[in-house]
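Positions annotated as signal peptide by TrEMBL: 1-20. The transmembrane segment annotation in TrEMBL covers 50-75, 87-111, 123-143, 155-176, 196-218, 230-252, 267-285. Look at TrEMBL and you will find 94-146 tagged as domain 'G-protein coupled receptors family 3 profile'. Residues or ranges marked as region 'Disordered' in TrEMBL: 340-365.
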Amino acid sequence: MAFLPVLLLLLLSVTHRATSQDSEDSEALPRGCGWGLVRPYTLLCDLDSIWGVAVESVAAGGILTAIMLALVLLCRLHHIGEAEKRSAVGPILLLLLGVLGLFGLSFAYLIEQDESLCLLRRALWGLLFAVCFSCLLVQGVRLRRLGRERRSPGGCALTGLALGLSAVQGIIAAEWLLLTVLREGRAACQYLPMDFSLACSYVLALLLAALAAASLALCAKTRQWRCNAIWLLLTCLLSLLLWVAWVGFYLYGNDWLGRSPDWNDPALAIALVAQGWLLLIFHAIPESHICMRSPPQPNAPDYFDTSQNSTRMRETSFDEDIPLSHRQFVENQGYGYSDENAAGLRTGGGPVQHNSNTGARPSAPFRSNVYQPTEMTMILNGGAVPSAPPTYTGRQLW
């Protein structure tokens, strides 16, 4: 991980001090540095320069949060059964790796500058931001694809695309270091703020592309993934505002306040920590929650619940539940009775006429004297017409 070289460099430098700093060891330590930390590491414990301790604490909390979230996501991976949700796991894990790098790189700005530390800062700054913004971009592409075609590219393909996009910034940073340090022979710590900002132009282009992808995903017809698109759009907007703030302060704010060299490192360290927490709160945590959330179970209609929609109840056909063998008697009835036949039977005259199954239904008086089983009775009787019960005498209407 990207923050490990920074922490390793810090630990090695603390345990192995040069003999040229013996005269500085005898100086009075700043308030709060009682663990043997001396320059150039006094910002880690100096309570008079409180910004260093604050950045250190917030960055440490971010590292623990990102690690815990990654472990929870990995442990719950086998519970994510939907392919659309599993495709987001790879970019989220890569984003968490980039966030860990941002928090780890902030420690490099709490140490006084030297050549190796400046090389590390210039090489990893744009690369880590490119990794994070590439993950946002591929998430926007994924949500756009889900909104249009209801399917998503694979998680490995999305992760590979994000790595490929972030590798471009690595090439740009390497070229910048080769041109300024090796060819021109400049010191690694001697660079203009404008050059540093221009080296991050590709990172800003990735952020704008992610913002456009999130906007297109939000305009999709499918509303199932609209919550993901809203969180992604909010993350991109806040990240863009943060970048405008720190670039403007880094280029013009320090000069206007007269703090140009002194406040450069605090501004960059705060920008790293703020961007890391912004990505955690507004994208990584909500996206992980949506991925690990179980899908809602469809509710079966309750036909005995009168509060349901009556239209839905009328559209339901109970004939579909009747087996084909049980429908033969209902569909192939050979006899029907009209009102005239019913009147003839009551008066004792008139033959019973055959009628199709589209004839009029018998009148109420005839049905009251003739036993007619219900459809449920025929179904339970295997399709045959049951005989009337022995105690049935007919219902008298007079």
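Just so it is clear, glycine is given a Cβ too, placed from its N, Cα and C backbone atoms.
Curation plays no part in TrEMBL annotations; they are all automatic predictions.
Tallying C-beta pairs under 8 angstroms between the transmembrane segment (267-285) and each of 50-75, 123-143, 155-176 places 50-75 first. Counting residues 6+ beyond its ends, the transmembrane segment (155-176) has Cβ neighbours under 8 Å at 86-91, 93-94, 122-123, 125-127, 129-131, 134-135, 137-139, 141-142, 195, 199, 202-203, 206 in the same chain. The predicted model assigns the domain 'G-protein coupled receptors family 3 profile' (94-146) a mean pLDDT of 92. Taken residue by residue, the domain 'G-protein coupled receptors family 3 profile' (94-146) breaks down under DSSP into 49 helix, 0 strand, 4 coil.
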